[in-house]
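Q: There's a structure below that I have some questions on.
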Amino acid sequence: METEKKEMTSKASPPVSIAEAFFVHLICGLGLALAFLIARHVYSADLISDPSRTLFLILIVECPIVILLYSRYRTDREQCSYLKAMARGILGLLAGAIINAFGAIVLGAPIGAQYLLKTLNWSLVMSSFGVVPSACVFGSSWMDWQRLFAYTKPNGTIDHMICIPAHGAIIGAWFGAWPMPLDWERPWQEWPICVSYGAVIGYSIAMVASLAFSHARSGLQHVKRD
């Protein structure tokens, strides 16, 4: 039992305070805002007028921020260096993009040369929201991936920071897809505009929600100790 406890301790990520979690989410949120500002003021683009370019800008601004921040909280610090955790994040980005693209196509995303770049950039952005943080922190630990994404059982602040925004992005994209098949003939109904807006909004709201859940959990733990 003592050996198992030591192993669990060695694989645990460093403790994260609510203030530190707030800082991480704040930086991620500012990264999103910066990407939209660059798209608007430098390229005169947005998700409606040029979804592919805007998604690419979100990717190149947000993904490095996520990798740099979440690699600090890797669970296997003794076996995994900071650079290795960053490499895991990059691999997770690519693997997650394949999964997201496949899922989108299965659920009805259009197929064709004109949609290829849009689907690729959308899949990469979704992967940076949901897969990259977990890849940086947990690597290939199937138990942790299963706990967060199959059973949805986050145990601490870092788990909430990963799990809730990932689910928020997916749920937001799902709700964002609802207007697509409707016969309104609006420009924003085209793939992947509304699902991208849904994912960004869901991700942003879920980052705030993760802080609330972490704060509530820490409060309950404090009450129990008293």
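Just so it is clear, glycine is given a Cβ too, placed from its N, Cα and C backbone atoms.
The transmembrane segment feature in TrEMBL is assigned to 21-43, 55-73, 85-112, 124-145, 157-177, 197-216.
Tell me about the setting of these features in this model.
A: Under 8 Å from some Cβ of the transmembrane segment (85-112) lie the Cβ atoms of residues 63, 66-68, 70-71, 74, 119-120, 122-124, 126-128, 130-137, 139-140, 177, 191-192, 195, all in the same chain and six or more residues away from its ends.
Sequence-distant contacts of the transmembrane segment (124-145), counting only residues of its own chain at least 6 positions beyond either end whose CB sits under 8 Å from a CB of the stretch, comprise 11, 13, 55, 58-59, 62-63, 66-67, 70-71, 73-76, 80, 85-86, 88-89, 91-97, 99-100, 158, 161-162, 165-167, 169-170, 173, 196, 199, 203.
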Q: Six or more residues out from either end of the transmembrane segment (197-216), which same-chain residues have a Cβ under 8 Å from its Cβ atoms?
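A: Result: 18, 21-22, 25, 28-29, 32, 47, 58, 125-126, 129, 154, 156-157, 160-161, 163-177, 188.
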